[in-house]
Structures are given as C-alpha cells and as structure tokens.
Amino acid sequence: MALRFPRFSQGLAQDPTTRRIWFGIATAHDFESHDDITEERLYQNIFASHFGQLAIIFLWTSGNLFHVAWQGNFESWVQNTHALAPGITAPGATASTSLTWGGGELVAVGGKVALLPIPLGTADFLVHHIHAFTIHVTVLILLKGVLFARSSRLIPDKANLGFRFPCDGPGRGGTCQVSAWDHVFLGLFWMYNAISVVIFHFSWKMQSDVWGTISDQGVVTHITGGNFAQSSITINGWLRDFLWAQASQVIQSYGSSLSAYGLFFLGAHFVWAFSLMFLFSGRGYWQELIESIVWAHNKLKVAPATQPRALSIVQGRAVGVTHYLLGGIATTWAFFLARIIAVG
C-alpha cells in the first residue's frame with residue numbers, strides 16, 4: 001500500500017485516524033478488483049464517508065429541533081394517538097374492570113362506606129409480589145411431592161417405603177423430609193403462611209383506604225387514616241401499625257363484651273407456642289426426658305407398669321403442625337373479630 005498510495009500511507013503514519021485505518025483495511029481486503037483505484041479515488045471515498053456521516057448528524061439534529069420541536073406538535077400527535085388508539089382498535093380495553101378497581105363512585109350506607117374505588121400504590125405492589133411468592137412456594141412444594149412421591153434419583157425405591165418414613169441418615173446422602181407426608185407437612189405451613197398474608201393485607205388495606213365514616217359534607221374518614229401506603233412498606237410498620245396497634249381491642253377486652261375473644265386469644269397463643277416444642281425438639285430429646293422422669297419415679301417406687309416411649313419423628317411433626325395451625329387460626333380469628341367489632 002505504501003508503493004500504491006504513498007500520500008495516503010504517509011498521512012496514515014502521521015495521523016492514524018479511524019477513518020484512514022478503516023478505508024486502508026477495506027481497500028486492501030476488498031473482494032472486488034481494485035486495480036483501477038487511484039489514490040485520488042481513495043481520498044474521494046474517505047470524503048464521501050465523512051460527508052455522509054455529517055449529513056446524518058445534521059438530519060438527526062434538525063429533525064429533533066424543527067420537526068419534533070422539543071415537546072412540540074409532533075410529540076403531542078404521538079401521545080394523542082396512543083391515548084385514542086385503544087378506544088378505536090380495542091373498545092373497553094382501558095375501561096375499569098369493576099366498581100372497585102378504578103371505576104365507580106363512593107357508596108355509603110348509614111353514614112359508613114360500603115363501596116369505594118381502591119387506590120393502588122407501591123405498598124400494594126410489594127405485597128402483591130409477596131402473595132405471588134408464597135403461592136408459588138406452596139405450589140412448588142406440593143408439585144415436587146407429587147412428582148417424586150414414588151421415586152427419585154436420591155431414593156429410587158421410595159414407593160416401597162410407604163407414604164411416610166423417617167430420615168435414612170447420611171447413608172444415601174441424607175434423606176430427611178423427602179417422603180410424601182413430609183411434602184404435605186411443609187406445604188401446610190406455606191399454605192397457612194400464604195393465607196395469613198392475604199387476610200392481613202385485606203384487613204389493613206380495607207381499614208386504611210376503604211372502610212370508614214362519611215360526614216354530611218361528604219368527607220370520608222377511614223378507620224386507620226390511610227396509613228397502609230406509608231407503613232406497610234417495612235416489616236416494622238406491619239409490627240407497629242398493624243399487629244400491635246390493632247391488637248389493643250383484644251388485649252384490653254377483659255371486663256367487656258369482648259372478653260371471650262381475649263381468652264381465646266391467650267389460649268390459642270398457648271396452643272400455638274406448644275406446637276413449637278414438637279417442631280423444634282428432636283425425638284431423642286423427648287425420649288431422654290421421658291427416661292429421666294421414669295428414673296425419678298423408680299427412685300420413689302411409683303414407677304408405672306408400662307414403659308412410655310416418645311412419639312416417632314412423623315408423629316411428632318403431625319402433632320406439631322396440628323397445634324400450629326389450630327393455634328394460629330384461633331389467634332387470628334380472635335384478633336380480627338375483636339378488632340372489627342370494636343371499631344365497626
């Protein structure tokens with residue numbers, strides 16, 4: 001190239017710009033014959049490329065400045081087209097889906113709100129994703145239990161072991177909580193978790209943004225003053241402004257017409273806490289505890305005729321999850337009823 005295009009080669013050596021390098025490579029490796037290309041022709045190609053790029057930049061800049069005119073008529077036309085198009089091509093697509101979600105007006109009965117469009121925001125966006133997470137985990141556990149109920153790569157002969165069986169130890173890499181019963185066991189916890197989040201969300205959201213009283217001037221006063229959007233985006237907000245703040249009715253119910261709910265609240269808490277002993281402690285702990293009690297009775301010569309045994313692992317989990325669900329359900333039931341009766 002230095003012999004064919006001396007001026008170009010000299011300029012490339014002195015000023016190795018990207019355009020010179022690109023055209024030098026393109027000329028040297030052109031698939032077509034370029035025997036007739038002169039150095040003057042090469043510079044014409046470089047100028048044409050340079051001019052073309054300048055023309056594109058000019059057209060783009062002028063188009064933005066004059067045609068679009070920076071927030072001018074063209075942009076308004078585009079926005080109006082997008083806003084009007086659904087009404088023409090898909091009538092009803094942008095209309096509200098119900099009186100609750102985006103449509104309808106306030107309906108009051110006896111000075112209290114019966115129906116009101118529900119506003120959605122960041123807090124709802126977060127909680128809805130929590131709903132999706134808990135539901136997906138529950139379904140995943142149950143689906144895994146169905147698919148691997150009879151066999152898996154870890155335990156090919158699972159069908160021979162039955163619906164429930166204890167851990168197989170480290171012999172096959174650890175086989176705890178792989179039976180069909182264990183998947184039901186774990187699925188129950190996540191089912192309860194998913195439903196709890198739903199009813200907590202519904203209760204607080206409705207008290208914050210829907211339920212309330214309406215004055216003669218049409219002013220709506222919600223039960224919790226619209227604090228859901230601000231407080232429910234943090235865990236501490238749920239603990240402080242929902243669980244603790246709204247538990248005052250059931251906690252202070254003694255001596256009132258709501259006292260039965262307070263007793264249920266306490267008793268159900270005890271049942272729920274009792275379940276944790278079965279869920280957290282292993283069978284060996286209970287067996288040794290029973291043996292220590294039997295030893296003490298033997299010392300006092302009041303030993304029973306039968307030899308007690310601790311529950312099996314499967315039995316302990318069954319007792320634990322039963323008390324957990326019943327205690328949790330009764331606690332939640334007393335909490336919500338005492339609250340809504342007091343403020344309703």
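Just so it is clear, glycine is given a Cβ too, placed from its N, Cα and C backbone atoms.
So that you can see what the record holds, here are the features copied from TrEMBL:
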type     : residues : note
TRANSMEM : 51-70    : transmembrane segment
TRANSMEM : 125-143  : transmembrane segment
TRANSMEM : 184-204  : transmembrane segment
TRANSMEM : 258-280  : transmembrane segment
TRANSMEM : 324-342  : transmembrane segment
Leading stretch by Cβ pairs under 8 Å, where the reference is the transmembrane segment (184-204) and the options are 125-143, 258-280, 324-342: 125-143
Long-range environment of the transmembrane segment (125-143) - Cβ separation under 8 angstroms, sequence gap at least 6: 183-184, 186-187, 190-191, 193-194, 197-198, 201, 232-233
